[in-house]
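**Student:** Copied straight from TrEMBL:
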- 126-166: compositional bias 'Pro residues' (COMPBIAS)
- 180-192: compositional bias 'Low complexity' (COMPBIAS)
- 193-214: compositional bias 'Pro residues' (COMPBIAS)
- 23-121: domain 'Phytocyanin' (DOMAIN)
- 126-216: region 'Disordered' (REGION)
- 1-22: signal peptide (SIGNAL)
């Protein structure tokens with residue numbers, strides 16, 4: 001926003017400054033461009049620069065011719081570069097150097113209607129202050145370097161570790177004494193079994209097996225089977241024959 005405003009102000013100054021510093025000179029002042037005026041005396045103390053303007057005001061019997069140094073000295077308009085008439089002529093000073101003007105009416109230049117103007121370079125416009133630069137962001141703070149000194153290690157403890165307390169051992173319970181058998185003979189104790197022997201359950205009475213059939217009944221059954229087979233074969237043979 002600030003740079004845009006500064007650029008617009010600079011363009012405005014460039015457009016206004018030449019108009020402010022440019023000067024329009026009324027040739028001869030109140031005497032105008034006319035006979036009987038000393039124009040050498042009129043230019044004394046005046047400074048003419050590129051961009052200024054000379055205004056000639058004259059009557060119908062006069063005119064303005066732009067000539068070189070030789071034509072100015074000889075009051076000769078033969079080599080005139082420009083000639084103006086009309087009573088009000090404005091000529092812009094565009095180049096550095098001396099410009100020469102005379103009145104082409106015979107006898108007027110010899111009577112003093114001639115003007116030599118030295119033109120200087122235009123005054124440069126005042127320097128426009130440049131807008132202040134926008135503040136830069138501060139540089140980032142430097143990082144803290146890591147410490148090169150190693151942290152001291154804690155010294156080992158000189159106190160020896162305390163031994164873990166031992167729980168007192170419980171005394172072993174002696175195994176109960178075995179009861180003597182019914183027949184009166186003492187039973188030897190087993191040293192590895194601390195607990196009394198669990199009595200085994202009483203055996204269940206198994207059912208008695210059924211008696212096998214007598215041998216004679218089996219023989220009778222087999223013989224009857226063979227007889228039946230023989231009869232069947234005989235019947236089949238009789239039917240087939």
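In case you wondered, yes, glycine gets a Cβ from its N, Cα and C as well.
Because TrEMBL annotations are produced automatically, they should be read as predictions rather than curated entries.
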**Student:** Which numbers of helix, strand and coil residues does DSSP report for the domain 'Phytocyanin' (23-121)?
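**Tutor:** Grouping H, G, I as helix and E, B as strand yields 14 helix, 35 strand, 50 coil.
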**Student:** Restricting to the domain 'Phytocyanin' (23-121), report the mean pLDDT as a whole number.
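**Tutor:** PLDDT averaged over the stretch: 96.
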